[in-house]
Amino acid sequence: GDIQDGIRQLESIKNKQEVSLCTMMALIYAHKKSPNPDRDAILELDAKMKEQRKTAGQQALYFAGLFLWHLGREDKAREYVDRMIKVSGGGKEGLILKAWLDLTCGKETHIKKAVKYFDEALQEGNDVFALLGKAQYFEVRQNYSGALETVNQIIASVPNSKVLFWFLYIHLLFGFRLLQKDTFNLEAIRMEALHYLCREGNVSEASARLGDLIKALDRLEPRNSQLFCKMALAFSRTCGRNQLILQHTQTLVERASDLASDNAEFATELGYQMILQGKVKEALKWYNTAMTLDETSVSALTGIIRCQLIQGQLEDAEQQLEFLNEIQQSIGKSGELSFLRAVLAMKKHKRQEEVIALLNDVLDTHFSSLHGFPLGVEYFEKLNPDFLLEIIREYLNFCPAQPASPGQSPSPLLKHCASVLETVVKTVPGLQQAVFLLAKVKYLSGDVEAARSNLHYCLEKNPSYAAAHLLMAQVHLAQNNIKLCSQSLELCLSYNFEVREHPVYHLIKAQTHKKMGELPEAIKTLQMAKNLPGMRKATASSKTKGKRIEIDASDRVSVFLELVEAHRLNGEPHEAAIILQDAINEFSGTPEELRVVIANADLAIAQGDIEQALTMLRNITPEQPYFVQAKEKMADIYLQYRKDKKLYAGCYRDLVEKLPSAHTFLLLGDAYMNIQEPDEAIEVYEQALKKNPKDPALASKIGKALIKTHNYSKAISYYEAALRSGQQNFLCYDLAELLMKLKRYEKAEKVLQQVLDHEPVNELSSLMQDGRYQVLLAKIYSKMEKIDEAIVSLQQARELQARVLKRIQIEQLDAVPAQKQLAAEICAEIAKHSTAQRNYEKAIKFYKEALVHCETDNKAMLELARLYLAQDDTDACQHQCSLLLKNDQDNEAATMMMADLMFRKQDYEQAVFHFQQLLERKPDNYATLSRLIDLLRRAGKLEEVPRFLLMAEKHSSRAKLEPGFHYCKGLYLWYTGEPNDALRHFNKARKDSDWGQNAVYNMIEICLNPDNETVGGEVFENLDADIGNSTEKQESVQLAVRTAENLLKELKPQTIQGHIQLRIMENYCLMATKQKSSVEQALNTFTEIVVAEKDHIPALLGMATAYMILKQTPRARNQLKRISKMSWNPIDAEEFEKSWLLLADIYIQSAKYDMAGELLKRCLRHNRSCCKAYEYMGYIMEKEQAYKDAAINYEMAWKYGNQANPTIG
């Protein structure tokens, strides 16, 4: 900042040959910048410079080019550099400087050449200046990983390099290594402060660093006015008008202004600093100062107009704007000027369309000015998030005050706002106001989950953010979560007691009372809100302890309308009408008047006066706000009350006629779909698509409408044509999904493989899209029974999703819940496949991972609990069930599992208690009843079953006609040794879609083994040899096998496991014939299944049984011992029991009574009604001459065999 000192220092080196040329250029520049330029000195220096230029050597030309480049005179610099390269014969330094000139000139063709020159220079060895250039090139190309790699290369090669501060901002997320080496490095301090402010949202840390920055500037650059001002810009635009930060930025700009009080730019910036702090009078003073210093300053005049608009001096502002509009041709288009025109139009109550068009123009101008800027400090300045938030707040004035109801298309303005806010949040995630506004936009769009996610982020960073707590309360209310809504209101009040002065607080409170049916309380709360200061037109803001609370007109009208509704619901139409009239008087002539008219129409409908309601709505004209809502309301009346589809569609046709836009066409298309007229809808959607060809939702709607017409071939052709155009790649998903539904799996697979066949992607939206494609591809592979390929696709989806989840926290906060949900679904699918392959460890791992992504995923919790149960880890299972029942106390499956657990712990009372709970709530819950019957059988308490069957009969007179009831009755009779009666009841459930398949399986089992013998066992077979060999018995067996074979034909399994079960039953039928060839055939099938499905217990038991029938006992014993080493699980419970009994039978034959006894105890531990286990125990005791014990066991066998087996008797 000290020009004279600069001139003195330059004079001392001007005779040094290598720098003399650039020194003379610098001296000329310094003299021209002096308050009183020395004309003679300038002329003398100019003449000397021209002389020097003729004979300048390589070094002199290089430094001259370098100086001119720093002055921003690229073309002149290029002349010197080209001459230098020529003189040096292509020297490295010249190439590097030429590359820098190309890189910073802003021309795409030159930028491409720059990297070539850098690489050429680097072939001669590492060079910091070239490496920095390469890092800058990567940054311009937004390849931050490449830039970071290059910066690390520099740090490794030149640890003390001072020029590193140039690229420090690449390290925003990677620590601040430079500060450890140089605590007064200005750029490093600035970057650290920006990191805390923009990334972390940590204002106190950012403020502390700004304090350090001011101290460092005072020490290193105390007279550099430009630097003081420059350092303030990014912070003031990204701090969300935080007073702590603005105090520092004001100090910086004031310091600049003190050093150069004649600088109009500094005065203008001080004016802007005052605007940001809401000090309009001081702002105006500074803008006027700037105009005095420079009468041509457009930015100072723009600032004055802004102040005039804030102060309501609309005529003055309009005159000045007209003047600036006229000269705009010469100065170029300005986003800020367009914005001020929009504000003026709004303050003068111009038509909504006009204001929105102006706001659209503001955004177009603003974003086009950012084109080509890499992400860096200057980008933060130019992006100016504060300005963008101002624009969004203006847009929100034209958006509905209430959220879109389910199925309703949200206002297109909200979509526009969301797009801008997502850009801001992606760039400055620490700006809480932007995240909050995004949450508000998502809430109004009906996307409450995204709103909740953004608010959660806000409140995590700043728990005292009262507005966020208020909005969170509204979100909870929209999700019918009254308890959490009340909690948010309490938190809001605890952080900011003044919120009681705001009507929205009382409005939400009243809405919670209304939802709970407490209408008198709701009315009382709303009356209180209505009487708050600032609720009336004359005082649309209120003062509380010196603070002014601004109250939106939309919030004021919401209180009135909610009160009308509360009185109406409370059966007080007269009071409702009085409040409504009050609202009409209060809001007459304001944009909110139309909301009152619509509410008045609602009241008329409630009173049955449909015609009156329609008359009111017809009076709302297209140029008025809420015209669209009025038309939608009319359409609903025609459809719901008049049942007139023609007039319903007519309302939307009229809307398209009066306000033709992509949005109104979309509404008309949706209306046609609502009244089942997809052909008309398609036509309208196509017109809408012409207006907005890049809208993926529209293209997707056309395809879905074609599917609705069942014109599948046309839908497929439409999707294929759209994909061929190359514009609508997102339709691949819809096409593949349709092909999958039509069971054209190969074609669906091909579509997805084509869209996934591309180079690795890094764009977040592409990663998300690829993840969805992989999940769908996995579904298709599952349908094709290509399980390994399905798992590979799911693993790839999981890897993609991991990358998405890392980035989405910063880049697209509102999508976090949906993406976490998808990650959980992917893990759950992998777990499901692992379970089917009996790889329980892997399944547990992936269900746990699913719960990391989605802690309250009841389905995953339940499956995890089932796996723990299958692995006999009862504690882990109980823990999962407890967590699940905490989330959902009426969860049937978890309650049933708890019952199972209690049974395993031999706490039968508790087990039955859990089932009883379910059955008392719903006695005809036959799924629960069937599980209870199985439990009581295993608990040895089958005598308790009849009372539950009686409960079901008493509960419903139709019980005896219900297939579920007959299935349960059949189960009970089968377990109590009455196979014929059981068959009769199962037969009544046989044709039912829910119960039929299980009933048929049970009937087959009864046919093949009516007396529940140990198939293949020899202990009792020898005792019953005479009965078994009778002709009558053999004929009976043959008839039973034929019946079983006929029943098998009725089975139609839907899953892979179902098909395997069917194969096993078919082969049990073959074994039941006892013919050697049939048994061998069955053995081969069982062996094939075991090879394909390792440790498949029913198939292993089948093999063992076949070996026993073929009298190959050692081989049978090997398979059964294999089963005996496995962990019991409820799915294969029956097969475990049969295998233990058969192995016990073999041991008894070999007189290995101890080993047999252990197995029989195991049977009884898992099934206390196991008649066969007691019978074998009795036999062993008898053989060991323990006759008393034998008698006890035979007695138990007699009891549980329903006193039907004469041998036991």
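Cβ atoms here come from the backbone N, Cα and C positions, even for glycine.
Quick look at what TrEMBL annotates:
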DOMAIN    1-160  domain 'Tetratricopeptide repeat protein 21A/21B N-terminal ARM repeat'
DOMAIN    209-480  domain 'Tetratricopeptide repeat protein 21A/21B second ARM'
DOMAIN    698-851  domain 'Tetratricopeptide repeat protein 21A/21B fourth ARM'
DOMAIN    892-1008  domain 'Tetratricopeptide repeat protein 21A/21B fifth ARM repeats'
DOMAIN    1043-1209  domain 'Tetratricopeptide repeat protein 21A/21B C-terminal ARM'
REPEAT    264-297  repeat 'TPR'
REPEAT    662-695  repeat 'TPR'
REPEAT    696-729  repeat 'TPR'
REPEAT    892-925  repeat 'TPR'
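Count of Cβ pairs under 8 Å against the domain 'Tetratricopeptide repeat protein 21A/21B second ARM' (209-480): among 1-160, 698-851, 892-1008, 1043-1209, the largest is for 698-851. Using a Cβ-Cβ cut-off under 8 Å and counting only residues 6 or more beyond its ends in the same chain, the repeat 'TPR' (662-695) has close neighbours at 409, 411-412, 628, 632, 635, 639, 645, 648-649, 651-653, 655-656, 701-702, 705-706, 708-709, 727.
Within its own chain, the repeat 'TPR' (696-729) has Cβ neighbours under 8 Å at 662, 666, 669-670, 673, 678-679, 681-682, 685-686, 688-689, 735, 738-739, 742, 755, counting only residues six or more beyond its boundaries. Secondary structure by DSSP for the repeat 'TPR' (662-695): 27 helix, 0 strand, 7 coil. Away from its own ends, the repeat 'TPR' (892-925) comes close to residues 861-862, 865-866, 869, 874, 877-878, 881, 884-885, 931-932, 935-936, 938-939, 941, 944, 948, 951-952, 954-956, 959, 962, 964-965, 1130 of its chain (Cβ-Cβ under 8 Å, at least six residues beyond either end). The helix, strand and coil residue counts that DSSP assigns across the domain 'Tetratricopeptide repeat protein 21A/21B fifth ARM repeats' (892-1008) are 94 helix, 0 strand, 23 coil.
With helix defined as DSSP H, G or I and strand as E or B, the repeat 'TPR' (696-729) counts 26 helix, 0 strand, 8 coil. If you average pLDDT over the repeat 'TPR' (662-695) in this model, you get 84. Residue counts for the repeat 'TPR' (264-297) by DSSP state, with H, G and I taken as helix and E and B as strand, are 27 helix, 0 strand, 7 coil.
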